[in-house]
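Asks: What Swiss-Prot shows for this protein is this:
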BINDING   101, 206, 209, 280, 287  heme b 1 binding site
CROSSLNK  161  ubiquitin cross-link
CROSSLNK  294  ubiquitin cross-link
CROSSLNK  299  ubiquitin cross-link
CROSSLNK  306  ubiquitin cross-link
CROSSLNK  328  ubiquitin cross-link
CROSSLNK  334  ubiquitin cross-link
CROSSLNK  381  ubiquitin cross-link
CROSSLNK  506  ubiquitin cross-link
CROSSLNK  567  ubiquitin cross-link
DOMAIN    54-286  domain 'Ferric oxidoreductase'
TOPO_DOM  2-9  topological domain 'Cytoplasmic'
TOPO_DOM  37-46  topological domain 'Extracellular'
TOPO_DOM  73-95  topological domain 'Cytoplasmic'
TOPO_DOM  131-163  topological domain 'Extracellular'
TOPO_DOM  195-203  topological domain 'Cytoplasmic'
TOPO_DOM  223-267  topological domain 'Extracellular'
TOPO_DOM  286-570  topological domain 'Cytoplasmic'
TRANSMEM  10-36  transmembrane segment
TRANSMEM  47-72  transmembrane segment
TRANSMEM  96-130  transmembrane segment
TRANSMEM  164-194  transmembrane segment
TRANSMEM  204-222  transmembrane segment
TRANSMEM  268-285  transmembrane segment
């Protein structure tokens, strides 16, 4: 139990608090509309659907307040960089911002469904009551407001039968129009956010996500017409519903039961979302300001396996290891921004990214940089690009541990390129405050060509550690997870050579996936009473495996070995 708490305790606590707030708001506002006399006659007209519509509306306000905060990248980076308010454990929660963003989005979808279905029943009953297709009591309540100097309870004033009457409400009432619009926006945003769409049609995901602007505008004005109505406080003093409701025919004729007066609830949603909307507006202004700063591409390198490297310079640009940036190339698309991990080290006088060509945008950038041509390209022909960032990630904490495991899958090795480069520079400069004592590096890749661009860095590190008589500092395992029979025969023939046939390194390439259980047990036995940071940039399936290994191989007590799992999310 203790090892589970070390890795997941704070995350579970945050989720439980969030779920608890949703339950509290739902129950509280359900009772607000289901018990007080203010809504006594509204309940007589609408039944339990009134409370079932308003309770999820309160939860929607709460979650729509939260949904923007996890995507305020500059705010999160500021919090992450403030050691005074963020310990390592708190920063790990900030690294799960996108996971929380998705959870909040699904909660919004759930409450939207409940809210919409309940209001569909409300509209049907209100329309039926106006066309005398309901019980006499509801009809009598709906007729209040037809005479001069009366305030109405039933917001439907036209006498049009269903389904035409319901459609009329949807296209003439502000709540109906905005409800349809924001629900459609939500459906498009959620359906375009699936993994398949994001990976294969990123542009669709990118553009539909910007429907959030329409969503929040519609949400802010959704309740402006105040169609949910209740009895006024002044009217309740003169007309007590529980004493008068059985004598509806005598209302206005006897002193203790005058005709009740009704008013609509003031809109509240804007009060919930105005703060986050302001923060997000500031976020976008900062991004716009950064995007206008000049970026110079100093070098473009074409690597094997459809990968290019961009080396750039920007005035005032400062970075930490493992951070990422957003890149826009107006020649390819004037609006799209794409995230890329920085592969350079803070000690270098430029910053770089490695881009794998996998979609329309990256293909366009590949051609814009002249990488599809054989001849050398002049620097002035390179496209202009905009850069936003850098932004913090889990990998920033790598120097907070004495022992770390770095696991990269495929192009997921990029953040660790930055880390390993920085380690190399620190050793060259004999950095006195380097806490890190041991690195276990794992790289899993399907294709042999993918290793080529990274091998030079590993060779430099290998040589440096030998010169410093510290070959034990870095232990790396390069795992080839895909090969055919001819390759296997070739590897076997050269197995006894001094250097690896694929990477040129002294450390031999391994074939197949690591036995993670053995790896964790071996590392744990070599470093007792140590907090070991486990950093992954790779697929969710591998993340689940490593997270379970961290939990199962950590000691339950405060002493002993503890594996702390961290995953890149951007």
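Every residue, even glycine, has its Cβ placed from backbone N, Cα and C.
Explain the structural surroundings of these features, please.
Replies: Counting Cβ atoms from all protein chains shown, residue 101 (heme b 1 binding site) has 17 others lying within 10 Å of its own Cβ.
If you draw a 10 Å sphere around the CB of residue 161 (ubiquitin cross-link), it holds 13 other CB atoms from the protein chains shown. In this structure, residue 161 (ubiquitin cross-link) belongs to neither helix nor strand by DSSP; it is coil.
Classification of residue 294 (ubiquitin cross-link) by DSSP places it in coil, neither helical nor stranded.
Listed in sequence order, 309, 310, 311, 350 are the same-chain residues six or more apart from residue 299 (ubiquitin cross-link) with CB atoms under 8 A from its CB. Taken residue by residue with DSSP, residue 299 (ubiquitin cross-link) is part of a strand.
Around residue 306 (ubiquitin cross-link), the C-beta neighbours below 8 angstroms that are at least 6 residues distant in the chain are 356, 357, 358.
All protein chains included, residue 328 (ubiquitin cross-link) registers 20 other Cβ atoms within 10 Å of its own Cβ.
The DSSP secondary structure for residue 334 (ubiquitin cross-link) is coil. The Cβ of residue 334 (ubiquitin cross-link) has 8 other Cβ atoms within 10 Å, all protein chains considered.
The Cβ of residue 381 (ubiquitin cross-link) lies under 8 Å from the Cβ of 370, each of these being in the same chain and 6 or more residues away along the sequence.
Its Cβ taken as reference, residue 567 (ubiquitin cross-link) is surrounded by 22 other Cβ atoms within 10 Å in the chains shown. Residue 567 (ubiquitin cross-link) falls within a strand segment according to DSSP.
If you take every residue in the domain 'Ferric oxidoreductase' (54-286) and average the pLDDT, you get 86.
The list of residues near the topological domain 'Extracellular' (37-46) in space but at least 6 beyond its ends in sequence, with Cβ under 8 angstroms from a Cβ of it, reads 121-122, 125-126, 129, 137-138, 141-142, 153-154, 228-231, 233, 236, 240-242, 245, 260, 262.
Cβ atoms under 8 Å from those of the topological domain 'Extracellular' (131-163) belong to residues 41-42, 44-45, 123-125, 169, 173, 225, 227, 229, 232, 248-249, 259-263 of the same chain, restricted to positions at least 6 beyond its ends.
Only residues 6 or more beyond the boundaries of the topological domain 'Cytoplasmic' (195-203), in the same chain, are considered here, and those with a CB under 8 A from a CB of the stretch are 333, 336, 338, 359-361.
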Asks: Tell me the Cβ contacts of residue 280 (heme b 1 binding site) under 8 Å, same chain only and six or more apart in sequence, or just say none.
Replies: 68, 71, 72
Asks: Quick check for the class: what is the C-alpha distance, in angstrom and rounded, between residue 206 (heme b 1 binding site) and residue 334 (ubiquitin cross-link)?
Replies: 12
Asks: Could you pull out which residues elsewhere in the chain have a CB under 8 Å from any CB of the transmembrane segment (10-36), counting only those six or more residues past its ends?
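Replies: For the transmembrane segment (10-36), the far contacts come to 42-43, 48, 50-52, 54-59, 62-63, 66, 89-90, 92-93, 96, 100, 103-104, 107.
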Asks: Sequence gap of 6 or more, Cβ distance under 8 Å: name the residues on the same chain that satisfy this around residue 209 (heme b 1 binding site), in order along the sequence.
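Replies: Listed in sequence order, they are 189, 192, 193.
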Asks: Most Cβ neighbours within 10 Å: which of the recorded positions 287, 294 is it?
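Replies: For the recorded positions 287, 294, the Cβ with the most other Cβ atoms within 10 Å is 287.
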Asks: From the recorded sites 161, 294, 328, 334, 567, pick the residue whose C-alpha lies nearest to the C-alpha of residue 101 (heme b 1 binding site).
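Replies: For residue 101 (heme b 1 binding site), the closest Cα among 161, 294, 328, 334, 567 is found at 567.
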